[in-house]
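Right, one structure below, let's go through it.
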Amino acid sequence: MLDGKLITFEGPEGAGKTTVLAIIAQRLKEKYKAILVTREPGGITISEKIRDIILNPDHIEMNEHTEALLYAAARSQHYFEKIEPSLKEGTLVLCDRFIDSSLAYQGYARGLGIDNVRKINSFAIGDKLPDITILFDLPPEIGLSRITANQERENNRLDQEHLAFHQKVREGYLQLASKDKERIVIIDANQEITKVVEDVWQALLKKLI
Ligand SMILES: Nc1ncnc2c1ncn2[C@@H]1O[C@H](COP(=O)(O)OP(=O)(O)OP(=O)(O)O)[C@@H](O)[C@H]1O
Ligand SMILES: Cc1cn([C@H]2C[C@H](O)[C@@H](COP(=O)(O)O)O2)c(=O)[nH]c1=O
């Protein structure tokens, strides 16, 4: 059996990743038998528990090294318990955030250094990278205003960071994309949702054919 593919959805807060991923997953189900939708940090019991620790807004004392290590620990368990076995069964895995979040948030915006965060992740999951990454790009103030308007969304510890931090996250992502044009496709997320969905769909079709 052919191995599946790992497709990751990345971008700053409120970029529309989760909303668009759900619509794209529905469409892909018409073409592919096996689709798995998952997320980071989380996706399985242990990693969801780590998520609760990392994102708890009361944990303001968490230092940036602990934060980076916890994201990597959650990823290791998620990858080996859920993602890798699914890929081996030929499943198309759609993951809401993955390693590029750690590189952009912890490596670039927190200032730990992209290479240091790569090393932690290399210990956690080896040299695994997504096959395709969709990067939702938009000015952070627009993403943040979207999540503030969404009453149902829980406010997490990273949402509370100042605008300059979220601007750095965006810069970090764009820097990663400029160095890996083959894997990372930038989508303008500051458009009507239907247009964003269509752009993501076309990008995926091109890569999956
Ligand atoms: N293109 C869009 N235009 C306007 N509003 C949007 C658009 N895409 C998503 N939204 C709205 O913005 C909010 C955030 O969307 P969503 O949760 O999908 O983003 P996200 O990238 O997953 O965010 P986060 O990573 O912060 O959880 C939701 O209320 C959603 O309905
Ligand atoms: C995987 C990962 C995530 N983050 C940050 C990005 C967000 O602020 C939260 C996750 O919340 P979401 O609503 O599920 O998007 O965690 C990070 O900093 N580093 C990572 O590796």
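Using the three backbone atoms N, Cα and C, a Cβ is placed for every residue, glycine included.
Caution: TrEMBL annotation is automatic and unverified by curators.
Features as listed in TrEMBL:
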DOMAIN    9-199  domain 'Thymidylate kinase-like'
BINDING   G11, P12, E13, G14, A15, G16, K17, T18  ATP binding site
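Feature annotations (TrEMBL) mapped to structure.
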residue: G11; record: ATP binding site; Cβ contacts under 8 Å, 6 or more apart: K17, L135, F136, D137, L138, G143, Y173, A189
residue: P12; record: ATP binding site; Cβ contacts under 8 Å, 6 or more apart: F136, L138, P140, G143, H166, V169, R170, Y173
residue: E13; record: ATP binding site; Cβ contacts under 8 Å, 6 or more apart: P140, G143, L144, I147, L158, D159, H166
residue: G14; record: ATP binding site; Cβ contacts under 8 Å, 6 or more apart: I142, G143, L144, S145, R146, I147, N150
residue: A15; record: ATP binding site; Cβ contacts under 8 Å, 6 or more apart: F136, D137, L138, G143, A189
residue: G16; record: ATP binding site; Cβ contacts under 8 Å, 6 or more apart: F136, R146, A189, I193, V196
residue: T18; record: ATP binding site; Cβ contacts under 8 Å, 6 or more apart: F9, R39, D96
**Message:** With every protein chain in view, what's the tally of Cβ atoms within 10 Å of the Cβ of K17 (ATP binding site), excluding that atom itself?
**Reply:** 25
**Asked** With the ATP site defined by G11, P12, E13, G14, A15, G16, K17, T18, which remaining residues of that chain have Cβ atoms positioned within 8 Å of the Cβ centroid?
**Response** F136, L138, G143, R146, A189
**Request:** Under 6 Å from ligand 1 by C-beta, which of these binding-site residues make it: P12, E13, G14? Sequence order, please.
**Result:** E13, G14
**Item:** For the domain 'Thymidylate kinase-like' (9-199), mean pLDDT (0 to 100)
**Value:** 96
